[in-house]
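First comes the structure, then the notes that go with it.
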Amino acid sequence: MLIIDSVQNAQAGHPGMALGMAEVGYILYRHVMKYNPKNPNWFNRDRFVLSAGHGCLLQYTCLHLSGFSSVQIEDLQNLCKLGSRTPGHPENVVTDGIEVTTGPLGQGVANAVGLALAEAHLAARFNKPDAVLVDHRTYCIMGDGCAMEGISNEAASLAAHWKLNKLILIYDDNHNTIDGDTKITFTEDISARYEALGWNVITVDNVHSDMGGFKNAICSAFNETQKPNFIRVKTVIGKLSRKEGTSKAHHGTFEDDDLKEMKQNVKWEDRKPFHVVPSVYREMRIQTEYGEALEEEWYSTLNYYQTKYPQAAVEFKILLGGGLVPGWEHSLPSWSKSDPVDATRGYSEKCLNQIAKVLPGLVGGSADLASSNKAYLHDYQDFSRPNSPWGRNIRYGVREHSMAAISNGIALHGSGLIPFAATFLIFSDYMKNAIRLSALSHAGVIYIFTHDSIGLGEDGPTHQPVEQLAGLRAVPRLLVFRPADGNETAGAYMMAVENRDRPSAIVLSRQKVAANLVGTSASEVKRGGYILSDNSLKDELPEIILIGTGSELCICEESAQRLREDGKKVRVVSLVCWRIFDGQSEEYKDFVLPKKVRKRVSVEAGSPQGWREYVGEEGRVIGVEDFGASGAYLDTFKKFGFTIDNVTQVARSMLD
């Protein structure tokens with residue numbers, strides 16, 4: 001009735017799944033999961049993910065009845081209202097007790113895999129026979145829509161490969177999606193699919209009349225030691241209403257006569273909206289008291305652990321404190337002008353391996369491109385169960401989408417793990433929804449994207465990113481770095497690691513560039529943009545400004561040198577991260593890009609989208625308007641105008 005009252009009051013929401021899974025929610029929050037509402041972030045709590053996020057009323061109601069202060073009756077009354085703690089889909093940054101932000105179907109399944117991986121990894125690193133610090137399970141509810149989305153299958157494949165036996169995936173098998181009965185689009189044997197993937201599959205035929213059957217299924221899953229668990233629960237969507245069993249129950253309110261009939265069916269006619277029988281609170285909070293006792297016991301174990309295993313305890317507490325060691329940034333390499341040239345992906349590899357030595361939580365991997373992305377921790381093993389679950393390299397295979405969403409789960413585990421995920425920039429499109437959720441849920445994932453432009457050459461337009469930079473820069477809160485050399489690459493890592501509550505994308509070249517381009521600075525990356533060089537006198541303004549990023553910054557500098565030989569006053573600006581630069585003071589931005597200097601040229605081997613803001617109406621944008629071309633990288637650059645000659649000619653034409 002809380003579910004029904006919330007929807008009726010808001011005149012919005014998704015009651016169908018919540019009503020159909022009410023028994024499941026009750027069993028989980030009352031009889032199964034360990035948690036402490038008074039401390040929602042207690043480390044060793046079980047994690048719960050609602051991948052079918054439209055059914056958030058199920059979770060909100062359970063959180064309220066279980067004693068979480070984040071969901072009061074007033075919050076249920078404010079469902080979907082602006083500024084409420086009960087938004088239309090669960091958001092972890094809004095409501096305590098929500099582990100991850102879900103909504104786009106299938107994402108939560110992959111998040112749950114990430115949470116379970118984090119638990120397995122940390123348990124292997126820190127648990128001792130006489131002191132177990134890491135021992136919790138991950139529960140996830142998915143629906144038919146989640147099962148249809150490809151990301152869930154990618155993640156499920158990995159979960160079985162990794163033998164994540166503490167993962168329990170509960171499938172709400174109600175045979176309905178928005179458009180109708182699943183028979184119109186979805187007729188496969190889902191149980192057989194998960195069996196083939198390598199899961200332990202259990203079926204609960206009728207949870208509405210046999211809640212004990214579901215509880216027994218959970219107990220059976222507890223006994224599984226090798227496989228993740230898939231519990232198929234057959235339910236009726238919109239249970240109790242006239243819409244029950246149909247797609248009409250998925251979302252929307254109930255007619256007055258339907259509401260009256262539902263109240264009669266559960267003998268609720270004389271109750272006011274949002275009434276809760278006091279004994280229900282008392283019943284649900286039995287589990288709360290159990291959780292409080294478990295947390296107290298856990299801290300006792302932690303105290304013992306600190307005494308007997310002091311060195312391991314120090315590392316464990318560093319992780320729980322966020323994972324950053326004071327002065328960690330000093331481990332980043334620096335480069336001199338005499339260092340051999342390399343691609344920025346090569347400089348990235350050195351950065352990654354150096355900081356891994358001082359950041360115990362740095363874990364991650366690549367979507368089957370570790371050798372190309374240069375994203376591999378050489379002194380650490382691969383995560384593999386049972387062989388080396390303590391390994392810090394994660395082999396994702398060709399599964400970009402789930403890689404990103406699993407990384408979100410790792411980042412949001414709350415254990416100080418710092419995940420990185422690597423692939424080619426062009427394939428960021430496969431990951432876009434999960435990257436967006438990284439930003440929305442404040443997950444500090446570090447995305448490493450190599451082969452950053454048409455400069456990758458021979459693979460041609462199918463692999464040459466053009467619009468990807470513009471698309472990533474459009475994602476709110478996401479920091480997108482395109483470093484020009486080793487110095488800026490180190491600066492990008494410094495900022496990416498420091499920003500634990502927002503994701504970063506470090507975009508790297510395949511083509512080689514100088515290790516130390518004159519004027520670059522790792523520390524200046526924190527400003528997003530800065531002056532690389534300028535031959536103007538102290539109180540003078542330049543005649544023209546050349547703005548570049550990545551491998552094109554050196555083209556700007558070489559072009560500037562030619563123009564200076566002509567007697568021109570030229571400034572070169574590195575705009576390594578737009579979002580950070582945009583956040584600087586107006587005084588600083590005008591210092592770097594003075595409004596009075598209207599002759600500006602931007603040079604970036606990608607879409608021109610967005611550059612007009614920095615060059616102004618009178619400026620020129622040298623970008624890529626098409627899909628690139630197959631050919632050697634220098635030939636491709638020449639075709640699209642990314643040469644010193646062309647940039648110099650464009651600048652001269654403006655000056656003349």
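Heads up, the Cβ atoms here are built off N, Cα and C, so glycines get one too.
Because TrEMBL annotations are produced automatically, they should be read as predictions rather than curated entries.
Lifted from TrEMBL, the feature list:
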ACT_SITE  E400  active site, proton donor
BINDING   H14, H250, R345, S372, H451, D459, H463, R510  substrate binding site
BINDING   H54, G103, P104, L105, G145, N174, H250, F427  thiamine diphosphate binding site
BINDING   D144, N174  Mg(2+) binding site
DOMAIN    342-515  domain 'Transketolase-like pyrimidine-binding'
SITE      H14  site 'Important for catalytic activity'
SITE      H250  site 'Important for catalytic activity'
Subject >> Spatial neighbours of the residue listed as 'active site, proton donor', counting only the binding-site residues G103, P104, F427, R510 and Cα distances within 10 Å >> reply: F427
Original post:
Pick from D144, E400, D459: which of these recorded positions has the biggest number of other Cβ atoms within 10 Å of its Cβ?
Top reply: E400
Original post:
How big is the Cα-to-Cα gap, in Å, between H463 (substrate binding site) and G145 (thiamine diphosphate binding site)?
Top reply: 30
**OP:** Find the shortest Cα-Cα separation between H14 (substrate binding site) and the binding-site residues H54, G103, G145, F427, and name the residue that gives it.
**Re:** H54
**OP:** Compile a sequence-ordered list of residues in the same chain as G103 (thiamine diphosphate binding site), six or more apart from it, whose Cβ lies below 8 A from its Cβ; state 'none' when nothing qualifies.
**Re:** G53, H54, H89, P90
Original post:
Nearest to D144 (Mg(2+) binding site) by Cα distance: which of the binding-site residues P104, N174, R345, D459, R510 is it?
Top reply: N174
Subject >> All-chain count of other Cβ atoms within 10 Å of G145 (thiamine diphosphate binding site) >> reply: 22
Original post:
Other than its own, how many Cβ atoms are within 10 Å of the Cβ belonging to R510 (substrate binding site)?
Top reply: 21
Subject >> Between R510 (substrate binding site) and P104 (thiamine diphosphate binding site): CA-CA distance (Å) >> reply: 33
Original post:
Reported as an integer number of Å, what is the Cα distance between L105 (thiamine diphosphate binding site) and H250 (substrate binding site)?
Top reply: 14
Original post:
Can you tell me how far the Cα of H451 (substrate binding site) sits from the Cα of N174 (thiamine diphosphate binding site), in Å?
Top reply: 44
**OP:** Report the nearest neighbour of R345 (substrate binding site) in space among the binding-site residues G145, N174, F427, comparing Cα positions.
**Re:** F427
**OP:** Out of the binding-site residues G145, N174, F427, give me the one sitting nearest to R510 (substrate binding site) by CA distance.
**Re:** F427
Original post:
Distance between D459 (substrate binding site) and F427 (thiamine diphosphate binding site) at the Cα atoms, whole Å?
Top reply: 14
